[in-house]
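Let me begin by presenting the structure, written as structure tokens, before commenting on it.
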Amino acid sequence: MAKSIIFSEEARRALEHGMDILAEAVAVTLGPKGRNVVLEKKFGAPQIINDGVTIAKEIELEDHIENTGVSLIRQAASKTNDTAGDGTTTATVLAHAMVKEGLKNVAAGANPIALKRGIDKAVKFLVDKIAEHARPVEDSKAIAQVAAISAGNDEEVGRMIAEAMDKVGREGVISLEEGKSMTTELEVTEGMRFDKGYISPYFVTDTERMEAVLENPYILITDKKITLVQDLVPVLEQVARAGRPLLIIAEDIEKEALATLVVNKLRGVLSVVAVKAPGFGDRRKAMLEDIAILTGGEVISEERGLKLENARLDSFGTARRVTVTKDNTTIVAEGNEAAVKARCEQIRRQIEETDSTYDKEKLQERLAKLSGGVAVIKVGAATETEMKDRKLRLEDAINATKAAVEEGIVPGGGTTLAHLIPVVTEWAQANLSGDELVGANLVARALGAPLRRIAENAGQNGSIVLERVKDKPFNTGYDAQNDAFVDMFEAGIVDPAKVTRSALQNAASIAGMVLTTEAIVVDKPEPKTNTPASSGSGMSDYDY
């Protein structure tokens, strides 16, 4: 396909125009009085949302060159979302402001490479300053405040996430599910839960709730498929003599062996439940090992020289209680604290070493399950459209609270960045010169953009609000919800330091890339061909 090549000022202006469109669509959602954006969907109802990165992902322009600008600024939002899970709108607004300021300087003859160096140095200085001003999150009240702000000033959501974090601990997993009712509910699971249920409904002990509950059972853990009854008979005899229930976790159980278990269960010879092993491949082996450590048992595997027919009771795990439903198995074990602690430490090291986001997520899940912390928030809403919006807000709120726990909190509502304007300006004057100084100053001017936009979305004059905030102490900012200047920590208007830092770093990275762009190579649009059908052939005016 033929390519179109555009150079220098024309190239930068085309990128800028694409960025203007995306930044405006995203910026309208910023702050407590930000508006919503409606996204048309090819299938199903339109989506009404308030989430910067979701809006950014939807925007595709007809002009290929402008669309390149959209893709660049979208990266600032996406990368911030990946790193901190929130702050995507702030990152977009900051990147846009830096590009606008920078292009003026490039047009006036500044050296783009020196500008970028100045931007990078200023951002490094600002990141250190943000860390200096961050306060650690010490109680669930602070967690509730962060979550409420991130969920669009929804205090009920803030309280719920704080409660969930309180119960599952800071390493616990808080997951979201679509609820069946109008209200949003929190469900906390005690013990380790994995998403495999009983193989046969004949194992059920409570027919009303359709679940099997085993008190103080033995747990047989194996990574092989059980096909022969002969393999199981010695195991069943030992457990029957001990007079305790049995949970079997295996790759699969073939019909003949399964029938034997069901018959024993129905005759009352043995209380038994069989479930399939969770996960796949290497992850399955690791999860079975986790279950074995939690329950004080061994994984019976031929790789380790252990055979099922030779298995003895002392290689089985034990638990206080096991509950098995159609879809899930929950094991509540006690004791083995030292072994579990060592295993958790090992998983933590793996989390630090891995580069894959997916692997990190799965390892984090395993860590949470081992330390007994999984909370599920069931999102309720009147309509599907509202449900999707609430789910996105809750996702942001959960990510924001985790970020706050990691790096602490700073005054929210664009306040921190606004107060750092005079600080970075003074530092730049003392340490930089020439175009590097110009680069640092353009960062300083861009820092006021989020606060200015929050005020404008609340119907105020953004520049006046910004100047008034800059004259006040560091913790004082603008409360757009109540149109007042308040101590942001006391008012509970706080942002995670990690979110503010990530938004600034990613915005500066994209701005630096755009300013140092000298040429754009894009596909030439294909010429539109006129179809003969449309010219007087008696066809109707409608497109089909």
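Even glycines carry a Cβ here, placed using N, Cα and C.
Annotated features in Swiss-Prot:
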BINDING   Thr29, Leu30, Gly31, Pro32, Asp86, Gly87, Thr88, Thr89, Thr90, Gly413, Asp495  ATP binding site
COMPBIAS  528-538  compositional bias 'Polar residues'
REGION    525-544  region 'Disordered'
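What Swiss-Prot annotates, mapped onto the structure for a quick look.
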residue	record	Cβ neighbours (10 Å)
Thr29	ATP binding site	22
Gly31	ATP binding site	24
Asp86	ATP binding site	33
Thr88	ATP binding site	30
Thr90	ATP binding site	30
Asp495	ATP binding site	32
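Secondary structure at Thr88 (ATP binding site), as computed by DSSP, is helix. Here ATP is bound by Thr29, Leu30, Gly31, Pro32, Asp86, Gly87, Thr88, Thr89, Thr90, Gly413, Asp495 per the record. The longest Cα to Cα distance in that group is 17 Å. Gly31 (ATP binding site) falls outside any helix or strand according to DSSP and counts as coil.
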